[in-house]
Amino acid sequence: MRAQVLSPLNIIIALILAFLIGAIVMWISGFSPIASYSSMLLTPLSDPVYSLSALAFSAPIVLTGLTFAVGLKAGLFNIGAEGQVYMGALGAVIAAYLARDVAALPLAFGLGLALAVLWSALPALLKLWRGVNEVVSTIMMNWIAYWIVIMAVSTALSNPLQPEESVKMPEAARLTPLIPGTDFTLAVPLAYGTAAVIFVFLKYSVWGYRMSVSGHNPLAAKSYGIKPERAVLIAFAIGALTAGLAGILQVVARPPSYSLMRNLANVYGIGFDGITAAMLGRG
């Protein structure tokens with residue numbers, strides 16, 4: 001009971017301290033903390049367009065937060081979402097390069113998810129076969145993915161008319177705004193729907209229970225006939241799928257560019273933002 005009370009209390013204290021430190025830094029820098037925080041917290045509520053845009057920006061962070069949260073459930077500190085986002089986006093760009101009609105959309109999802117899962121396979125197997133810490137392996141994979149995708153977008157997959165970005169998704173394959181004048185696309189219900197499905201899976205399914213037991217006490221799990229190794233594989237796979245989906249949606253459902261920036265500006269940091277969101281939401 002005491003732990004249940006202290007856990008959300010710790011989150012509240014951390015948030016208050018973060019806001020105070022931010023206010024001090026802004027004040028020292030010559031900015032008004034009150035005006036800045038008012039703009040940040042109240043502007044999204046002042047206009048439906050801003051509210052819908054805030055939801056659109058939150059969608060990929062929800063997905064990468066799931067990557068980290070599912071890993072924690074299985075006892076993993078999986079910070080590989082960043083690289084898997086890059087690979088998901090790369091798959092979508094490859095699809096845009098190969099198909100110039102509506103076929104690019106299903107191809108983008110297929111290639112993006114496949115690349116993300118493959119990218120998470122090496123850290124998962126290293127964890128199981130050699131006991132390599134997933135923090136070390138996923139950080140390395142993040143940076144490898146970063147430079148591979150930059151190289152691809154800068155060369156074979158670049159847009160000849162706009163070299164600062166990749167080839168664009170064909171117009172017929174784009175997920176355009178559901179509400180005109182906003183950034184609110186199908187990405188938002190997809191992200192939050194995915195979160196709901198994973199919540200039900202972890203909370204009420206047999207596999208969710210097995211992952212939880214394996215994450216809390218692998219030895220106890222083995223004594224009950226549960227294989228912790230399987231929980232690790234499932235956690236890595238689910239995490240890769242959600243992170244890959246985030247990367248795909250940043251290409252196929254992110255107006256107005258519907259492409260990947262050469263410097264990866266529209267995907268950079270999404271994986272790490274998801275970690276922060278997951279740790280705050282975990283309570």
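Glycine residues also receive a Cβ, built from the backbone N, Cα and C atoms like all the rest.
The transmembrane segment annotation in TrEMBL covers 9-29, 49-71, 83-99, 105-126, 138-158, 178-202, 231-253.
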Stretch in 9-29, 49-71, 138-158 most in contact with the transmembrane segment (231-253), if contact is a CB pair under 8 A = 49-71
Message = Please identify the stretch among 9-29, 49-71, 83-99, 105-126, 178-202 with the greatest number of Cβ pairs below 8 Å relative to the transmembrane segment (138-158).
response = 83-99
Task = Taking the transmembrane segment (49-71) as the first stretch and the transmembrane segment (105-126) as the second, find out whether 3 or more Cβ pairs fall under 8 Å, excluding pairs closer than 6 in sequence.
result = no
